[in-house]
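What follows is a single structure, written as structure tokens, with notes after it.
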Amino acid sequence: MHLAATPLPVWRGWLPVVVLPPLAWFIVPDTLPRWAVMWLLALLLYAGFKWLTWRRTPAVGVPAWRHLAYLLAWPGLDTPAFLYGAADAADRPTAGEWLFAGSKMLAGLACFFLSPHVVPSDRDLLLGWVGMIGIVFTLHFGLFHLLSCWWRTQGVAAAPLMVWPIASTSLSEFWGRRWNTAFRDLAYRFLFRPLTRVVGPRRGLFAGFLFSGLVHDAVITLPAAGGYGGPTLYFFIQPLGMLLQRSRLGRTRGLDRGVIGWLGTVVVLVAPAGLLFPAPFVRNIVLPFMAAVGAL
């Protein structure tokens, strides 16, 4: 990679991350639906993260189209890989991978739009959860995988953001290698790695998850006007589970591997999921959004 060795100013790239989300609360009209506020906040935060990763990656000899593609047509946040990396023949998607990515997107759309015909209308929370699963499959597992396939056919190193998270046998594997690697790349580069040098790996780990919790709280509970602190608590539980799995007791009991590790990982991820997506979010954001786009 042709990265410059000159250290960048500490402040470079952070302005949109700090300014854009709070600004949204002052510029959006009170009549804007809560679900629209949620999507706006998510978009502004993501745009800030995009800008941060791009501005703090020195680029020498990179064609303009790669810069534009990274900023506007790729959801990942590993800037050096996208700008400088090259996908070799082994990385190029097969016809089967294209079909698999497309089928996940179609399954997500079916889940989102057909769930009201399957889930009883009086089970509103269940309906909302099925709708959220549909959104995740449509975007993260489907559309983003299709984009990965496309860019790899163009010779760009754009690895899928979801790497079979269901196969994780430990929380470290789930959060570190398999689930939404875009956010993983961001947190590792700008939080965990620099903080580890100062406060050590354990505190750096908790700081990274705390940041993730606060981001999710801002996007989920503030627009929903309820469930405050739930996402942050959820992401506080995750490193506790990771430390347990890594402990001497956890290794002795096989909590970090195999079937036992897989079951333990599922429990820690799923059991407190109501904290991450509380009932006010489902009722005030997800269901109205489904109604607005014609799913209800």
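Backbone N, Cα and C define each Cβ position, glycine as well.
Some features that TrEMBL has for this protein:
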TRANSMEM  12-28  transmembrane segment
TRANSMEM  35-52  transmembrane segment
TRANSMEM  64-86  transmembrane segment
TRANSMEM  98-119  transmembrane segment
TRANSMEM  125-144  transmembrane segment
TRANSMEM  156-176  transmembrane segment
DOMAIN    161-236  domain 'Wax synthase'
TRANSMEM  218-237  transmembrane segment
TRANSMEM  258-281  transmembrane segment
- Name the range, of those listed as 35-52, 64-86, 156-176, 218-237, 258-281, that has the largest tally of Cβ pairs under 8 Å with the transmembrane segment (125-144). 156-176
- the transmembrane segment (35-52): which same-chain residues, six or more beyond its ends, come within Cβ distance under 8 Å? 13-14, 16-18, 20-21, 23-24, 28, 70-71, 77, 186, 190, 215, 218-220, 222-224, 285-286, 288-289, 292
- Highest Cβ pair tally under 8 Å against the transmembrane segment (258-281), stretches 64-86, 98-119, 156-176, 218-237, lands on 218-237
- Looking at the stretches 98-119, 156-176, 218-237, which one shares the most CB pairs under 8 Å with the transmembrane segment (64-86)? 156-176
- Message: Using Cβ atoms and a strict cutoff of less than 8 Å, what residues sit near the transmembrane segment (98-119) while being 6 or more residues removed from its termini?
- Response: 126-127, 130-131, 133-139, 141-143, 145-146, 148-149, 290, 294-296
- What is the three-state DSSP composition of the domain 'Wax synthase' (161-236), stated as helix, strand and coil residue counts? 61 helix, 0 strand, 15 coil
- Query: If you average pLDDT over the domain 'Wax synthase' (161-236), what do you get?
  - Reply: 95
